[in-house]
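Here is the structure we will look at, set down as structure tokens.
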Amino acid sequence: MPPRPQRLAPVADLPPVFAGIDEAGRGCLAGPVVAAAVILPQEYALPGLTDSKKLTAARRESLAEGIRSCAVTWGIGVVWPRDIDRINILQATFRAMARAVRVLRQPPPAILIDGDKTLPPHVLTSLSCDGHLPTQRAIIGGDGCIPAISAASILAKTFRDRLMDTLDRRYHGYGFAKHKGYGTAEHLAAIAAHGPCAQHRLTFRGVRPNPAAEEQLTLW
């Protein structure tokens, strides 16, 4: 059985070296789901490091620069809408997390994931290094209490926001730069007026309502 998620992980209980993992964009109607993995050094100076959702955009960008500078290693994983529709958002999120871990300069002996789910066996196996798999733990609220997970949440969010700004310049009329792909009233009105574009998740309710869309909403 997978390890039970924890609500808090006291510092004494943390492995000595681990990668914190978090995602951004899971609930959006458009754009990719992005995950980040971060290994922080034993000592670092990143005052105000916390869950990215509690920070202003300017503060996130400032912290992201500091994280990239001081991290032992960090990585980003991206899965685009076509694959999200094909394998579902839960599996796409797992895939993005695995991709983020695989691009780290050193394989982590352990990974701590924000939320209540760990990587399934078929995804975890892809992270094997010299026959060894990282241990893993899911920590509910980890982005607010584990600095490496907080750092991952910030890198994932800032990276994805910049991607959505770029997509806004390519796909006019949807307001991606403003709402970042979330299902705001403005975004839903744009979909109704123009129809979905190549960056929309066609299996999500609000983009193209159908039975599969309802299924997507129950997978996390």
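The count begins at 1 with the first shown residue.
Using the three backbone atoms N, Cα and C, a Cβ is placed for every residue, glycine included.
Residues annotated as divalent metal cation binding site in Swiss-Prot, with sequence analysis given as evidence: D22, E23, D114. Marked as domain 'RNase H type-2' by Swiss-Prot: 16-216.
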Counting across all protein chains present, how many other Cβ atoms fall within 10 Å of the Cβ of D114 (divalent metal cation binding site)?
27
For E23 (divalent metal cation binding site), name the DSSP secondary structure in the helix/strand/coil scheme.
strand
All-chain count of other Cβ atoms within 10 Å of E23 (divalent metal cation binding site):
26
